[in-house]
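Just below is one structure, and these are the notes that go with it.
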Amino acid sequence: MSDRVYVFDTTLRDGEQSPGATMSLEEKISMAHQLEALGVDIIEAGFPIASQGDFEAVRAISRAVSDRVQVAGLCRAVPKDIDRAWEAVKDAGNPRIHTFLATSDIHMKYKLQRTPEQVLEMAEAAVSRAATYTSNVEFSAEDASRSDWDFLAKVFERVIDCGATTVNVPDTVGYVQPFEYHEMIKYLMDRIPNSHKAVFSVHCHNDLGLAVANTLAAIRAGARQVECTVSGIGERAGNAAVEEVVMALNTRKDIYDVTTNVDTTQIFPSCRRLSQIIGQPIPPYKAIVGPNAFAHESGVHQDGVLKNPMTYEIMTPESIGRTGTEMVIGKHSGSHAVKAKVRELGYELDEEQLGLVFEAVKGLADKKEKIYDEDVHAMIMEKVFRKRDLFRIRDMSVSSSSGSVPPQAAVVMEFLQDGEPVEEKTNVVFGKGCVDAVFQCICGVVGAAPKLERYSVTAVTAGTDALGQVSIRIEENGLRAVGRSADSDVIRASAMALVNALNRLMKIKEEQ
Ligand code: KIV
Ligand code: ZN
């Protein structure tokens, strides 16, 4: 058996389905480039039939990445989905169609309302249709871990005959246990006569906190594709985290003895990029990449680490690309330094975009003593990935008070066409607090009345002058949008995050 494990990254599909992780087209392309740098073998770029936005994102990623990485489009096992998925991925240097169909009794009976025989036929028809487009076809048996093993074996045997080159055994609901999954994968690979013609893949959800453990157990049993996401984001409790799976394989090579194509020094940059894009900080105790993952508090540990880091560290921070928070730019840094930093952080920007980032970083350097990598990331998000907005804040002022005068906000908003201001509107509002006042003020100008479902502020770096990163989620008539922004003034960051969310909401409405 080959010792090569293929890493299939689904951050942009399953990951993006997690609440608050919605990404814009530009953000998805930026993340796809980072995944390429990480060295994943397959990027699942989205679910093209789900919406026009998803279709466009999958197509744009297919065109943007090199043929060193495969691009997969997800589709249900029905003709119109398969055709749409192909349409979206066909321009990729190395496209893949990933079709799925549930095989568990509960899904077949209640969700699909089909008999096992009908499901078998649908699976065969779907893979046969996909195989007319490409020889790179993956079939996933949704809820495989709760399916009858013999029925599953029959489905896989048939779809391999029809042209599936990868068969995926998802633990869709995060139910399976490591020893059970190990047995199941072995059973299927031993039992299916043509199993040698396909790569066996696993896709584990984390409902019981076992996604990574199950993935590793499956590799031990012979699975050679792992479906993961950066930082483990995904439906409900998330998916297996790519950084945990890869570092377990590397750190315990003595047990697993397999290889991947992942450049581990790109692990931390990938998690940081995702965190910047989705506006959610990496949790302190997150394995491998959390802020505390290499912090030693107790005196005994510190003493040991000083004498030999391997006393308490089973891997080095450098091996995952964690080189410390570098001070990068000062007030007097020139545009070359900023451009070099942008490139070092892995962004490919054109001259105009570099100019915008340079101006923003210089502006920040006037307000903030030290500028860190995280600040530059935040400015890139702010200036490059927000350029197709319908409106933006030109000016604002907010006053707080502890007396009987309520907090007041005033904003001047610019309405844009192709990025150029065409109209200006002003509003002044009293609120219950500064954030309430500025939110009401902006919503009044743009004529929206969304409910604020979630609001969080985190500091991007240490220090009282740190950028505050605000992440919000709004809802209006059943439509939801997230917004993010960062600024050294958290009220301003809150206002810009709302504007970002409102812009996204307008685009979602347009799409609908
Ligand atoms: O969890 C799951 O079963 C999935 C499939 C579409 C692979 O995400
Ligand atoms: Zn999934």
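One is the number of the first residue shown, and numbering goes on along the chain from there.
Each residue, glycine too, has its Cβ placed from N, Cα and C.
Because the structure is a prediction, the values reported are computed rather than measured.
Look at TrEMBL and you will find 5-268 tagged as domain 'Pyruvate carboxyltransferase'. Per TrEMBL, Mn(2+) binding site is recorded for ASP14, HIS203, HIS205, ASN239. The annotation region 'Regulatory domain' is assigned in TrEMBL to 392-512.
Sitting within 8 Å of the Cβ centre of ASP14, HIS203, HIS205, ASN239, and not among those site residues for Mn(2+), are the Cβ atoms of THR10, PRO170, THR172, CYS204, ASN206, ALA211, GLU227, CYS228, THR229, GLY234, GLU235, GLY238, ALA240. Among the binding-site residues ASP14, HIS203, ASN239, the residues whose Cβ sits under 6 Å from any atom of ligand 1 are ASP14, HIS203.
Cβ neighbour count for HIS203 (Mn(2+) binding site): 29 (other Cβ atoms within 10 Å of its Cβ, all protein chains included). Applying DSSP to the region 'Regulatory domain' (392-512) sorts its residues as follows: 35 helix, 56 strand, 30 coil.
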